[in-house]
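A.B. asks: The structure that follows is given in the form of structure tokens.
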């Protein structure tokens, strides 16, 4: 018999939404367990979308270029002024990627690319039919969505959905499950009523034919 906790989960899931999302830092952010970080990310996404789409002439490339230009100009002038006034230079942190980090990143990228190439080979040689149908469906859906919107808007929308929908589902999970159960009971009752009505109508037609 299912426990009360499991019976109030969507689609009969055996694990919580936090576990389904991996149970790590990403799940904490998506489900708003770390509210400051999740709120900051959502605010940054909304602000950047408003900046690039509501203000004419702004693009991601021009914005990044202007920010970097201002930052480098301030640091350059600060460093030169510090040399002239015998003051400390700007506190620039050590910006260097360690060999271990590079090796780990290369290993992750390499394993991902090898998996993609292996899946491509399996599809091209007809070894995995289910994977072919899944990839074809995703590509078809991507093509349809691509006709309706551009890539940047799609990315913004996906991030906003990822930062809002899972948290709302987790918060309202029990209410949604109860509503689904009530709707299911109502549909089943309507189905039984339709069957009884159809049976009664069939009997009436049969009796009418007999009387004739």
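Here the Cβ of each residue, glycine as well, is placed from N, Cα and C on the backbone.
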A.B. asks: According to TrEMBL, which of these ranges is transmembrane segment: 37-53, 88-104, 105-121?
C.D. replies: 37-53
A.B. asks: List, by number or range, the same-chain residues at least 6 past the transmembrane segment (37-53) whose CB is under 8 A from its CB atoms?
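C.D. replies: Sequence-remote neighbours of the transmembrane segment (37-53) are 29-30, 59-60, 63, 152-153, 156, 159-160, 163-164, 167.
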